[in-house]
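Worksheet: one structure, shown below.
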Amino acid sequence: MESTGGPYLNTAAVTSPVGIARLLQMTFGCTTFSLVAHRGGFSAAYGTFCMFVWTFCFAITIFIITCEFTHLHSCLSISWGNFTAAFAMLATLMSVTAAVIYPLYFVQLDCYPIGCEVRDFRIAASVFAGLLFVAYAAEVFLTRAKPGQVTSYMATVSGLLKIVQAFVACIIFGALVNDSQYSKYVATQWCVAVYSFCFVVTVVVVAFSVTGKTAVLWFPFERSVVIYTFGAVLLYMSAAVIWPVFCFDSKYGSPRRPGLCAKGRCPWDSQLVVAIFTYVNLLLYIVDLAYSQRIRFVSHL
C-alpha cells in the first residue's frame, strides 16, 4: 500500500533553529537538575522552587519536541502555535528567576562548611541554569511575530506581554501573603481586588488563545482584549496611586523601614515589593495597549 500521509517524522523539529534551541533547553535543563540532585543539593522553599522550575520546563520541552517530531500535535485540540509561544515565554521567566535565586541562596566561594565538591557542583549548576535561560530566551526571539507577519496571538508582543503580566502578578501575590497587612485598610483591599481581577482575566485570555476557542465566542475576542487592556491600565493606575499612599504615607503607614523589623518577615518589605511590581505591571499594560492596536489575531496557527 502506498502511503499518502506524507513523512511520519518531522526532522525540522530538531534541525531548525527553533528545534536546536529546544534540544539545548532539554540538555541544559537535564544537566542543571541532575547536578543539583546529585551533589549540589537544595533545601527550603527557594531550592524546591528552583528544582520545580527545571524539572517542569524539562518535561514540557520533551513533550513539545516529541509532539512536533512525530506530528502528534496535529491530534491535539489546542492552538499549537499559541501553546508553544506561551510556554517559551513562561519558561524564560521561570528559568531566569531560578538562575538568580539558586546562586544567590546556595552558591558561595568558600568550601567551608559545605565542602569544595558540593561548592563546585553548585557553581556548575548555576552556570547551566543561566544557559537554560538563554536557550528559552532564544526560542522567544526566534518565534516572536515579525512586523507585518500574520501569526499566533501569543507570539505577538501583546501575547507575550500577557504571560509577563501574569507572572508579575504572581510575584505581587507572593508579597501580599507574606504579611503585607493589606487587609488593614479598605483602600489596600481594593488594590488586591485590582491585582486579582486583572490576573484572572489575563489568564482567561491566554487560556482561550492556547485552546483555540476564540472563534466560538459570541463576542469579538480581539476587540474585547483591547478594551480589557485599557481597563486594566486604568485599574492599575488607581492601585499605583492608592497602594503607596496607604503603605508609605506617615498618616497611614511608614515612609521608612522600621528599624526593629526582622529580615524576611517585615511587612514594610512586602509592601515595597508590591509597590514596585505594581508600577512594573502598569508599564507592561500600557505597552500592551499600544501594541494591541497593530496586531492581527489568528486563532488556530
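Quick reminder: no glycine exception, Cβ is built from N, Cα and C everywhere.
According to TrEMBL, the protein carries these features:
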type	residues	note
DOMAIN	13-148	domain 'MARVEL'
DOMAIN	153-297	domain 'MARVEL'
TRANSMEM	20-37	transmembrane segment
TRANSMEM	44-65	transmembrane segment
TRANSMEM	85-109	transmembrane segment
TRANSMEM	121-141	transmembrane segment
TRANSMEM	153-178	transmembrane segment
TRANSMEM	190-210	transmembrane segment
TRANSMEM	225-248	transmembrane segment
TRANSMEM	272-291	transmembrane segment
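The DSSP breakdown of the domain 'MARVEL' (13-148), given as helix, strand and coil counts, is 113 helix, 0 strand, 23 coil. Across the residues of the domain 'MARVEL' (153-297), the predicted structure has a mean pLDDT of 91.
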